[in-house]
Amino acid sequence: MSEVLVLIDHVDGAVRKPTYELLAIAKRLGEPSAVFIGGADQASGAAEAVKKYGAEKVYTVDDTEIKGYLVAPKAEVLQQLAEKTSPAAILISSSFEGKEIAGRLAIKLKSGIITDAVDVQSSEGGPVTTQSVFAGNFTVQAKVTKGTPIITVKPNAAAPEEGDGAGAVEEFAATISDAAKSAKIVASQPRQASGRPELTEAAIVVAGGRGTGGNFEPIEGFADALGAAVGASRAAVDSGWTPHTFQIGQTGKTVSPQLYVANGISGAIQHRAGMQTSKTIVAVNKDDEAPIFELVDFGVVGDLHTVLPAATEQINKRKG
Amino acid sequence: MNIVVCVKHVPDATADRRFESDNTVDRVGVDGLLSELDEYAVEQALQIKEKSDNPEETKVTALCVGPEKAVDAVRKALQMGADEGILVSDEAIAGSDYVATSLVLAKAISKAGEERAVDLVICGMASTDAAGSVVPAMLAEQLNLPQVTFASVVETQGDQVRVKRDGDTATEVIGGTMPLVLSVTDQTGEARYPSFKGIMAAKKKPLETWSLSDLGVDAGDVGLSVAWTQVEDTTERPPRSAGEIVKDEDGSGATALTEFLASKKFI
Ligand SMILES: Cc1cc2nc3c(=O)[nH]c(=O)nc-3n(C[C@H](O)[C@H](O)[C@H](O)COP(=O)(O)OP(=O)(O)OC[C@H]3O[C@@H](n4cnc5c(N)ncnc54)[C@H](O)[C@@H]3O)c2cc1C
């Protein structure tokens, strides 16, 4: 069986959940080989972590020489690994960095690329991807027809599967060109943990828009009662009420939780693009003609500032 | 400074976007416009020009690859304030994938820089139709330049570029030296509307149309038939069935909401 390369998404050696999702997909396509580009002292910890999710091989690449140099060196590493292993596919998470690496790699390997897959299945002619396009109004099935399929995958495209792989560690020494060492990270400030679930991973998302008038307390209280992540429309972000990392939609995050609650959000197409595939949708909006109501399983026409605190109280009471 | 802004002509996101029978995006039946996310790129190019030591010496060229009617995207950029426009149009390009698109853009940028080297290529963070966000990085690879993508704040000083980028796990400050490829998000600040003066002035600005042969690109290297990816099927999402909507009266809304969530086992 051919190897499938999975680029490990990590922060200082701590492997992020999307990596495990990629490994679950890799198992469908071939033999999962994880690629760790990072500090030599962090490699064994990361290798242990991905082994538990089925990595048969782990290529470790010491990044001392390239750390801080953005993605061009990482694309060179993957290119050289791909030339060595002739993988059946290369899977990368759909983060900013993941997409940059994938884009460069596709040109280097003269290979087709598919971005933002929400599902990947194997077929005789290679991996078949599913993408959600036009603000979630269409799904598209596609295939790479030339070279090594390079696929960037959205969070939650697959459930992580525990199960030991061989996890054989192999150090890989890549040769990095000077040209790749140009754009540089000058400073980096880790995002502060909110204490709530990650937006893209949460089972429940409670979001607020312009209708909050800048007061997110009812949103946060309701979210905490449900154990939910907090999200926002761009209008709320543009007004400076919440950080951009909370934004849901075309130019923010895409979420597909079990339950999405939109409060004081009108339901513009660009917002829908980020939440339309949620399983159950609920809205609270004081305008009974707000387009968001076209999407909902349940809607309350009312003022979020009274409805949400009252509902929060009732939920907390029920939980006892 | 010589700046090229890549602008895409896309089907209007608020219209009923569709696919053709060959699974390519319907670019004829739906009204098109300059991708809103590229307006931010035009805006940043204009701001860099205006803030530079020598605005008169700085040229902003809007570059678009697309069918003939895509010239509207270039015109809009000229109306906003770009100095010159280029449309690369050729029947052979129809149905091109990311790779072919980045190749054509790269060749056009090289040609645009024949007399005066291009210092900065600016793109939007994504197109509003394909939304792949990979063309800027591919373009950088084709041009053998560094890239800095998804900038939410852009600052330039001489040939130095500094941007802020809000990633999933950290906020980063990234620095690079021109020439480079930059992509900017909708957080960079609202794009200006064309003024009446701008609209009138745009009519007199140079606007060229190039074909593949002008760029020395072989028609056999682009288009749907040689795409490195293939769409097998497109399916419209079934409309969501109408849900229950209640009007809040004296607290009834909160109770109904709680009941609903409990019935679905969310509590
Ligand atoms: C290129 C582009 C990209 C974009 N990307 C995104 C994106 O990623 N995400 C995104 O969200 N938007 C995006 N937008 C913006 C989008 O078009 C809308 O402008 C935005 O989603 C509106 O946010 P909103 O629903 O909070 O505000 P509004 O549209 O102003 O709606 C506010 C709603 O709150 C209701 N309301 C007011 N007061 C109350 C109250 N007290 N109680 C209950 N309801 C109340 C109102 O009835 C109204 O329906 C983008 C736009 C463009 C052009």
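Using the three backbone atoms N, Cα and C, a Cβ is placed for every residue, glycine included.
Automated prediction, rather than curation, is the source of TrEMBL annotations.
Annotated FAD binding site per TrEMBL: A:ARG210, A:233-234, A:247-251, A:264-271, A:ASN285, in sequence order. Counting every protein chain shown, 24 other Cβ atoms lie within 10 Å of the Cβ of A:GLN250 (FAD binding site).
Taken from TrEMBL, the feature domain 'Electron transfer flavoprotein alpha/beta-subunit N-terminal' covers A:4-190.
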Chain B neighbours, taken from binding-site residues A:ARG210, A:GLN250, A:ILE265 with C-beta distance under 8 angstroms, are A:GLN250
The answer, for which of the binding-site residues A:ILE265, A:ALA268 has its Cβ ringed by the most other Cβ atoms inside 10 Å, is A:ILE265
Cβ-Cβ distance under 8 Å, sequence separation of 6 or more, same chain as A:HIS271 (FAD binding site); the residues meeting this, in order, are A:GLY209, A:SER233, A:ARG234, A:ILE248, A:GLY249, A:GLN250, A:ALA262, A:ILE265
Three-class DSSP assignment, A:HIS271 (FAD binding site), comes back as helix
Same-chain residues at least 6 apart in sequence with Cβ under 8 Å of the Cβ of A:ARG210 (FAD binding site), in sequence order, are A:SER233, A:ALA235, A:ALA236, A:SER239, A:GLY264, A:ILE265, A:SER266
Counting across all protein chains, other CB atoms within 10 angstroms of the CB of A:GLN247 (FAD binding site) number 26
